[in-house]
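Chemist: Below is the structure I would like to discuss, written out as C-alpha cells.
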C-alpha cells in the first residue's frame, strides 16, 4: 500500500509539472506589443507604461514582447497594420490617445475575422470582442497634488504647465489641480501656461523660469517629463513636485518633496491574462485611488522635510476622496460649477444639477475659473546675442580718435599749404585723401554698432565711398606727376587741378552707381539669424543680409577697388624714376598699397574659413582701421615731419640732401645733356633744362601746372636738385618784365651768382648738369 500511495503521489506531481510547463510554453507563444508616444527615458508617462509592459512580460514569462515608439495616426498605422494583417500579434496596448483612432479602426476592421488580435485603447468608449478600453482618474491625482501644493506653499503663489487644448483634454486637469490648492489654501494666487504638447522640454524650462520669476514657489505640470522639476532643482528650490506619473523621488531623493506614480501593471496584467484566456467579453477598466492600497493605481511618496501637520491634513483629504464616489468629488461638485456650466453651456449632473458637473462635460472644461490666471500659449522668447559692449566702445573710441587726428591733419594742410612739403603734394588732393579717411572711420563706427537695416546700407555706402575718395585722390594726383615727368620730347604739358578733380568725381560716380544697384536690387537689410555661430536653439543675432544679386554687385565693387589698386601700383612704378623727391611719392604709394595687400592676404583666408559673424565683424573693423590709418600715416608723416624739422617756411633743400639719382634718370639726363649741349652752343644763352629735359613747376596748390617753362625767360637755376613752383595762372612765375636777352643767372650751391656764359665756357660742350629748377617767386 505504501508503495502504491507513493507512486500515486509521484504521478500527480508529474501531471502538475507537465501542465505547468505546457502553460509556460503557451505564455511564451503569446505575443505582446506596446505602443509608446515617446522614449522611455522621459521619466514620465511613457517610462511608467514601459515599466508596466516589462512587469507583464516577466509575470507571464513572455519571450516575444516588443515596444514601438509611434506618434500620431499615420505612424501607428504604418507600424501596426502589417503586423496585425498577418496575425503576428495577440495583444496590442495602445497607451497614448495618439494611438486610439488607428487602433480602433484596426479593431473594427478585423472584428469577427480569423485575426484574433485584441486591442487595449485608452478612453471610455464602447468595447467589442477585440477592443478593450481603460482609463484612470487623472483628475483625482491632480486634485490631491494641488491640495498638497496649497498646504506647502510659502509665497501663496502657485504655477502650473499644461499641454493645453489637445487630445480633448483641454485644461480640465489644470482646474482640478487649482481647485485642490484653493480648497487647501483659499489665499493662493494661481498662474498657468499652455505649452502646446505633452513633451517640449525647451518650452517647459523657459515657462517654469518665468513662473519662478513671478514669485511662484510651487510649480507642477501635466506633461510627460520632469523638465519642470529639474528647473526647480537647478534653481536651488526645495519644492519640486513629481506630477508626471513617474516616481521622481526614486531618482532625485530629497530634492523632490512630493511625487505620485502610475502603476500600470495593476491594469495591464489582469487584462493580458484575460486576453490570453480567450475572453472576448471585454469591459472597461479604470484606475484610481483605492481604500485597499494593493489595488490603488497611484503610488505616493513624500520628503521627510514635509511637516507632520501637512501630512495629516493631506491624508485626511485623500481618505475623503477614496471613500467618496468619484462623480461627487469636490472637483466635480462645488458652488462654482452651476455658474460656470451655464456660461460655457456645459451639462450638469442629473444627480445634483445645481452643484455637480457631469462626467462627460468635465473633460470639456477649458476656460479658466475665477481665481485662475491664464498666461496664454507659451512661446519661447528668442534671446538676442549681442556683441560685447566693450568691443563696440573700443572700436568706436579708436575710430573717433583717428577722426580727430585726421581733422587736425586737414587743418595743418591748410595752415602750411605754402610750405614746399605740402604745396608740392597738392593740398586740395591731400584734403580729399584725409576726407576719405574720415568717411571710412565713420563707416567703421557704424559697422561695429548695433545693426539695423539703415545701418546695413549706411556702412557699405560710407566705407566704399571713403575708400574710393582716398585711393582715387592718391592715384589721380600722382598720375599728373607721371604725365609731366615722363615727357622725353619736351612737349608742353599743362594739367591743372580743375582738370584732375573731375577724375576723382568719375571714380566716385562709378562707386555710387554700383552702390545704388546693390541697395536697390540687393535687398540689403537686417535679419534675425538663427542656427549660426554656435548659437543656442532659441538665440539669434542681427546680421546684414543681401540676396544673390546684391552679392554679385558687391563682388563687382570689390573688383573695382582691385582695379584702382592696380592702377595705383602702375602709377607708383612709373614715377619711381622722378629725381625730385618733392614729386616722387612712389614709395608712399607703394607702401600704402603693400599695407592694403597685406591686410587682404590676412583677411581673405579668414573670411573664407568658417567664422562667427561677430568675429568676422571684429576682423573687418580692425582691418579697416589698420588700412586707413597705415595709408594716412605713410603719406602724411614724412610731409609733416619736414614741416616740423625745416620750419613752417620750409626750404627746397629739404628734398635734396643725400638724394641719389636713379640709374634711369641718369641715363635720360645724359641723353638730354648731349642734345641740349648742341643747342646751347648755337643759341648762346638758351633755355636751361634739368636732366629730365623739363623745366617743371612744383607748386600744385593752384590750377596752373605744366612741364615746360617759356623760352628766353631769365630764371635762376640752382645747381644740383632744384624746386620749381607755380602760384598763379601762368605757365611759370618768371619775371616777364625782364629783358629776354638778359643772361640767365645760375645760383650755385654756395649762393654765388654766375653768368651763364661763364658757365658755358667752363662746362664746354658738357651741357647743363643741373637736376632741377626753382623759380624764385618773390625776386
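Residue positions begin at 1 at the first shown residue.
Using the three backbone atoms N, Cα and C, a Cβ is placed for every residue, glycine included.
A TrEMBL annotation is a machine prediction, not a hand-curated record.
Quick paste of what TrEMBL says about this protein:
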- 675-685: compositional bias 'Gly residues' (COMPBIAS)
- 391-645: domain 'G-protein coupled receptors family 3 profile' (DOMAIN)
- 666-713: region 'Disordered' (REGION)
- 755-779: region 'Disordered' (REGION)
- 1-23: signal peptide (SIGNAL)
- 393-416: transmembrane segment (TRANSMEM)
- 428-448: transmembrane segment (TRANSMEM)
- 460-479: transmembrane segment (TRANSMEM)
- 500-518: transmembrane segment (TRANSMEM)
- 554-573: transmembrane segment (TRANSMEM)
- 593-611: transmembrane segment (TRANSMEM)
- 617-637: transmembrane segment (TRANSMEM)
Chemist: By Cβ distance under 8 Å, which residues at least 6 away from the ends of the transmembrane segment (460-479) in the same chain are close to it?
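Modeler: Here the qualifying positions are 425-426, 429, 432-433, 435-444, 446-447, 500, 503-504, 507-508, 510-512, 514-515, 518-519, 524, 554, 557, 561, 564-565, 567-568, 571-572, 575, 585-586, 589, 592, 624, 628, 631, 635, 700.
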Chemist: If you count every Cβ pair below 8 Å, which range out of 393-416, 428-448, 500-518, 617-637 shares the most with the transmembrane segment (554-573)?
Modeler: 500-518
Chemist: How does the model score the domain 'G-protein coupled receptors family 3 profile' (391-645) in terms of mean pLDDT?
Modeler: 83
Chemist: If I count Cβ-Cβ pairs under 8 A between the transmembrane segment (617-637) and each of 393-416, 428-448, 500-518, which range comes out on top?
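Modeler: Maximum Cβ contact count belongs to 428-448.
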